[in-house]
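Here TrEMBL flags 4-350 as domain 'Kinesin motor'. Among the features that TrEMBL reports, ATP binding site is placed at G99, Q100, T101, G102, S103, G104, K105, S106. Sequence annotations record features per position, and here TrEMBL assigns coiled coil to 597-629.
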Amino acid sequence: MSDKIKVAVRVRPFNRRELELATENVIEMNDSQTILKYPATLDKMERKPPKMFAFDHCFYSTDPVAENFASQELVFKDVGRDILDNAFQGYNACIFAYGQTGSGKSYTMMGNQENKGIIPRLCDELFASIAAKQTDELNYKVEVSYMEIYNEKVHDLLDPKTSKQSLKVREHNVLGPYVDGLSQLAVTSFMDIDNLMAEGNKSRTVAATNMNSESSRSHAVFTVVLTQTLIDTLSGVTGEKVSRVSLVDLAGSERAVKTGAVGERLKEGSNINKSLTTLGLVISKLADQTSGSKNKDKFVPYRDSVLTWLLKDNLGGNSKTVMLATLSPAADNYEETLSTLRYADRAKRIVNHAVVNEDPNARIIRELRMEVETLREMLKHATGTSLPGEMKRVDIHDKLAESENLMKQISQTWEEKLEKTEQIQSERQQALEKMGISVQDSGIKVEKNKYYLVNLNADPSLNELLVYYLKEVTLIGGHNNEGTTKQLPDIQLMGLGIQPEHCLITIEDGELFMAPIDSARCCVNGSVATEKTSLNHGDRILWGNHHFFRVNCPKSNNNNNNLSSEPQTPAQHLDYYYAQEELMQNEFSNNPIQAAISRLEKQHEEDKQVALEKQRQEYEKQFQQLRNILSPTTPYAPYAPFDPFRLGKLPPNTPNAQLRVEKWAQERDEMFKRSLGQLKTDIVRANSLVQEANVLAEEMNKQTKFSVTLQIPPANLS
């Protein structure tokens with residue numbers, strides 16, 4: 001069945017920074033139409049007309065009170081349910097979320113505890129449908145895998161043995177592209193999947209934090225394999241349908257200029273952009289093929305990146321596919337939003353050719369057996385070298401091992417798969433416990449009578465996923481102690497600025513204390529701690545350069561603890577951004593740059609007050625002139641009747657001119673506030689990078705000190 005890729009777009013709400021800056025909303029949605037307006041804040045001399053795009057679904061999630069507001073449930077109903085129906089019919093299916101970092105991809109795909117996303121809703125409904133449809137004649141089996149692609153390398157998020165090493169992507173003439181060694185675990189309920197997703201996300205969070213990823217800098221692929229077995233009770237004949245549902249959360253598509261990326265971050269970004277650029281090329285090539293142009297190159301560069309290689313079937317192949325593009329409503333993201341919309345507009349022209357996958361396993365096993373026999377025969381007669389066009393002995397050996405491994409995986413019984421799942425789950429829990437991480441089920445279901453820490457991460461899907469319980473004495477440190485006589489840390493961290501023995505947290509008489517070891521970098525609520533410090537409920541801790549945590553104390557102790565460290569307004573959440581901002585504000589409060597910004601703000605306010613005073617005096621002067629002209633006591637010569645045109649001799653100050661001046665002043669004030677807010681954001685980012693550079697220089701024993709300098713051209717101060 002030939003069918004075009006369905007494309008949906010979703011616009012998120014304004015975030016806290018955008019609300020503080022009073023950013024303009026540049027997106028409107030009407031039914032299946034998305035309108036992108038040219039921002040008023042950009043070049044006013046070149047106001048461009050709005051751009052219009054049409055898609056299968058347009059989800060407006062910016063304003064919860066709007067009539068066309070799209071909730072998580074509505075998005076799943078319009079997008080996810082069709083994918084599920086296709087899977088039960090025996091088709092392969094795929095949803096991939098594309099958009100810049102922070103546009104709501106992970107929220108749409110994964111969601112949170114209160115508002116679950118497409119993946120958990122789809123899996124929940126999958127098992128609900130299985131329970132309703134399953135009979136003696138119709139049996140269902142479900143398997144899942146979870147991997148991430150980071151810097152063009154594939155990591156298994158469910159198997160602790162392979163999570164630290166990258167897996168190879170191979171292509172088989174029968175199976176197509178696949179990941180060699182990727183664990184595919186058997187599950188029997190939604191709870192199993194929920195637990196696997198939670199533990200996979202924990203592995204992803206640990207890796208992201210250790211790599212100092214500011215957000216989800218990797219592509220995540222969650223795959224569900226649904227096997228339906230139909231049994232004819234009279235003849236005993238069985239038939240199978242196997243559907244593969246790929247749920248893909250792509251990394252952010254923003255430009256290096258926008259993120260200020262340098263060094264490793266730029267290399268990481270270039271690899272992400274490589275895979276996304278290749279994805280764009282693949283989409284363009286496939287879209288051109290459907291346009292009927294004879295001059296177009298028919299070669300599609302699937303193998304130019306790991307991502308497109310693995311998505312080969314989902315793009316122009318055997319799959320029912322949905323692309324979900326996520327957008328920011330903010331004017332300062334106009335270029336990224338336009339790029340995403342153009343990307344999605346090209347994708348809707350791709351045609352896939354989905355077929356029902358009936359009885360594939362029996363055919364695959366038969367073909368693999370024939371291939372193994374052929375390769376064994378070739379291996380008997382092969383020598384170390386070979387003639388041109390012939391395979392070398394070592395190549396035949398590798399090919400044989402690959403085919404035997406595939407046949408072994410496909411031939412496994414359901415009981416063997418369940419046993420393997422339990423074994424891997426046990427190993428994964430042991431690996432997490434070794435790092436001091438709680439292995440509770442999904443979310444933070446913790447024991448309220450204990451002290452514990454939760455991680456803070458910039459990515460909402462990775463935030464507050466890791467729970468670290470605190471003992472009477474808890475040692476925090478790096479992995480460097482392994483293989484030495486030193487005590488292994490109770491909580492093991494990696495990354496810049498983490499010492500082998502970093503600090504001690506102790507519980508004394510119901511109170512919590514933290515003591516740094518050997519001047520290791522420890523901060524509490526943004527302030528550097530150099531000695532034993534008391535910790536209260538809700539305090540934010542930073543260890544090293546980027547490990548943020550929040551302290552949680554038992555409820556019985558909360559009343560005794562000083563909660564002044566918590567913000568007083570509910571609008572301010574104790575999240576990663578709050579912790580990062582208070583750190584930057586505290587670290588650089590005495591910085592000359594902050595003083596310069598304060599002077600700019602003060603000067604702007606003074607100039608505004610002077611201008612207002614001058615305007616007031618001018619209005620009073622004009623008002624007095626008007627009174628003098630219109631006063632009844634004003635003497636008039638008998639031969640000179642009242643001339644209303646004498647009013648025209650007043651200084652030109654028509655209502656329209658006055659409104660224009662006021663509007664100009666208001667726009668100028670708004671532009672100043674916006675620019676100042678952006679400057680502060682840039683300084684915070686620059687200070688963060690400088691801090692990272694200084695830690696690196698210190699670890700490399702380089703006598704180099706980096707700092708941030710603010711240079712404002714004199715012309716801009718007038």
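Cβ atoms are placed via backbone N, Cα and C, with glycine included.
What TrEMBL says about a protein is an automatic prediction, not a curated fact.
A C-beta separation below 8 Å, combined with a sequence spacing of at least six in one chain, links G104 (ATP binding site) to R10, R12, S61, T326. Compute the center of the Cβ atoms of G99, Q100, T101, G102, S103, G104, K105, S106, which mark the site for ATP; besides them, the chain residues with Cβ within 8 Å of that center are R12, G252, T326, S328. The Cβ of G102 (ATP binding site) has 23 other Cβ atoms within 10 Å, all protein chains considered. In this structure, T101 is the one among the binding-site residues G99, T101, S106 with the smallest number of other Cβ atoms inside 10 Å of its Cβ. Across all of the domain 'Kinesin motor' (4-350), the predicted model scores a mean pLDDT of 83.
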